Amino acid sequence: MSYGIALVIPIVIAGALASSVAKFDSFDNCTHRIDVTMRNASIAESMSLGEGFDTYDVLGPLETPDFYSAEDLEYYAISSIAGPPAAFDGEAQSTIYVENMEQYFGSVSLEEEGVTGEQKALATRGNASSLTEMISIVKDHHGQPAFGVFADSADITLVHRMNPEFSMAGMNIITNRLANSSAQTGTARKVKTTYRKFRHVNFTPDPLSIPILVFITLGLICSTSVSIMYPVFERINNVRALHYSNSVSSAALWTAYLIFDMHIGLITSVVTWVIIFSGGNSRIWYESTFILFAILLFCIATYLGLYLCSLFLRRAAFAVAVGVHIMLMVVYLVAYFIMDSKNPVNAFDIALDIQGVLGLTSPAANLLRTFFVATDNFGITCGETGWYDLHPIAFQLYGGVYINLILQVMFCSFVLKFIETGSSAWFLKLLPKRKMPATPAQLDFGIEGRESPNFAPTAEHDDDIPLKPLKGKSSATVLVLSKITKFFKSLLAVQEISFNISTNETLALLGANGAGKTTTINMIRGLLSPDHGTITIDGINVIASPQQARIHTGVCPQDDAIDELTVRQTLSFYASIKGLRDVKGNVNGVMRAFGIETFADRLITKLSGGTRRKVMVAIAILGNPRLLLLDEPSTGQDAGAKRVLWKILRSLSNDRAILITTHSMEETEALATKVAVVDKKMLASGTTSQLRSRFGGFYRVRAAYEVGSEIELETALRVMFGTQERDLKCAFGEVEFELPYERKMIGRIMLSMETLMVDKEGVPGIERRIDGEGVPGNGARHVSKVLRDYTILEPSMDDVFLNVCKEAEIGIL
């Protein structure tokens, strides 16, 4: 649905604007435009101030400087400065001065004062005997004098200051002063100076061109921004993490994204270009073929920028992406409008500066620049003189756009690789270390070799206890964790955890919620980097070479990383990326093993939670990985489905290492050959029998008896087991009590219980045996007939887990 919208938006906008675009004037080649303008130049255009001049193709109409009005100069005590006085005295010099200055005084104001322009010009002329005095007069009058000329000799003239409005008058005075350097009286030789500008050809695009081009750009922004939605969905639903954990490289993933999105980008670019810029409309644009390449580069740069943003956005990603891109485009456009309103002489250079700076901020800015070049908006196509004859690929034209877009593509690609491959770790180490918050006291142990104040470990089982190799099978270490530690800012998540798993072993990682189990698995997967310690899989350092290590790993994450695919499509995808040759055969075999063939063509999102977990485990075992990481694999499954899963996992344990996290102690007993209990740090680890021996606590004995024999039964049990018995409960024909868990006691317990079940007539001497224990004979004979059945239970893993937590003073209840 979203990609359909992305396809339609720019095409609809282009179709709606096509009729308006067709009305634009044709674009003239810059050199052709100047030729036509020159041929059509009239005599009237070359006339100025009533004086006729010959017409020259390269010259514009005669121009003279703008004059200050009388209101500007009538209040100035000094209109200009000339010195020394001797050099400008006399009729000839005064005539030269008056003829150049009287035009700046309006006749109306002068009539009100009762003076003429000649009188006013001479009256406001300042005299300076030295250059220093001339500078002082200018300063004293706050720069009001139009100019200051000091000509001490005929061949040296110093001009201290000249306002642009009076530049022609000042130059005329200097020129005539040199021409009449020795003339104080008589008729002065007059030199009349005028100037003409080179003709500048201005092409005025249609006033609607900029709004229309902005609308087209907005349509392309909205269309391309749709592509951010799926990468964000994959990231927040952990689909991408599952891809990476199953051997997908980041470069391959983002390349696949780009290839897919460019299907949409290519279609929208070509169709938009055909509707607006080609065919009959090509006459409107400057070299319209280059526009298509700019739009394609715009799509690529935008997609890569959106992929980069998808690493950080979680909500309203589309709105944020569109909003930021439009904002950057508006800033770029406003810069052009500000430049145009100022109308500076170097507008062309300023436009290049805008492109060189703001053009690097967004692909949309470069797309606008492309359209401005195509229409000669802001006069950037034909240059300062109006007849630039550059190749379209020149930097000043489309070349600058291409360079900026290619730089954006390179930058986004580099940053994506930098972040996704974990290369940023070494870069961050180069930055100055920021001051970290003080480590809380409860987190300050362990990292420096100190122990927890709440749990004093005993040396016997705290470190990993390797299993003996199974008979007939070699055991090679697959996974090794050595003192891994992970902080999230000042929060300690994992502290110096160490263990290893060899082939044919299954390690159950137990712990309360928030104990660091999933964080540990994510570090093994390469999704997180430990702050301290090392992790190796088959001798490969996970931190240094995560991609290589993932080849040997199959992962079932804690959360179902599901996509909008069927079961068969999902399994086929992961089988393909793992390089399996017989994809169909492997997929069918896995579905058959897990009993999910009936759901093969059903969307995973429509399956129950238990069935989805089966699919996640099936993904993990595809490709026969050396290490299986199963994060709570049986969550959401019923009792029967769990046992099917356990059976499959037991069959897969040969020549493979399995790490499983779970809250089910039944699952632990069914699968684990080793157990590790953690609470951010390692609390205990070893085989199940070793942990039972250390943390098991008690046997639990249950028996059925005849109602009414409670007193005799309790007496007999106390005599048999003495103070070792605890928590005795008799009620409703059942008795339950606990005895210390010691392997050597199991025989004695069974013998005692069998004695209480046997009738005295069937066992000669039973009365005597019981009497020897201090029980009256009649009572003993009665009791021997009371017990009908009994059960002796070893400590469960629930007991072990609770006892470990209790010893470590961890509140989990």
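The backbone N, Cα and C atoms fix where each Cβ goes, glycine too.
Database features (TrEMBL):
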type	residues	note
DOMAIN	479-704	domain 'ABC transporter'
SIGNAL	1-18	signal peptide
TRANSMEM	208-233	transmembrane segment
TRANSMEM	254-276	transmembrane segment
TRANSMEM	288-309	transmembrane segment
TRANSMEM	316-339	transmembrane segment
TRANSMEM	397-419	transmembrane segment
Inset, instruction - Compare 208-233, 254-276, 288-309, 397-419 by their Cβ pairs under 8 Å to the transmembrane segment (316-339) and return the stretch that comes out on top. - result: 208-233
Legend entry - Tertiary contacts of the transmembrane segment (397-419), as residues 6+ beyond its ends and Cβ separation under 8 Å: 250-251, 254, 286-287, 290, 293-294, 297-298, 300-301, 304-305, 307-308, 311, 352, 355-356, 359-360, 363, 365-367, 369-370, 373, 381, 390-391, 427
Inset, instruction - Can you check how the pLDDT averages out over the domain 'ABC transporter' (479-704)? - result: 88
Legend entry - Close approaches to the transmembrane segment (288-309) from elsewhere in its chain (Cβ under 8 angstroms; 6 or more beyond its ends): 220-221, 224-225, 227-228, 231, 254, 257-258, 261-262, 265-266, 268-270, 272-273, 277-278, 281-282, 317, 320-321, 324-325, 362-364, 366-367, 370-371, 374, 392-393, 398, 401-402, 405-406, 408-409, 412-413, 415-416
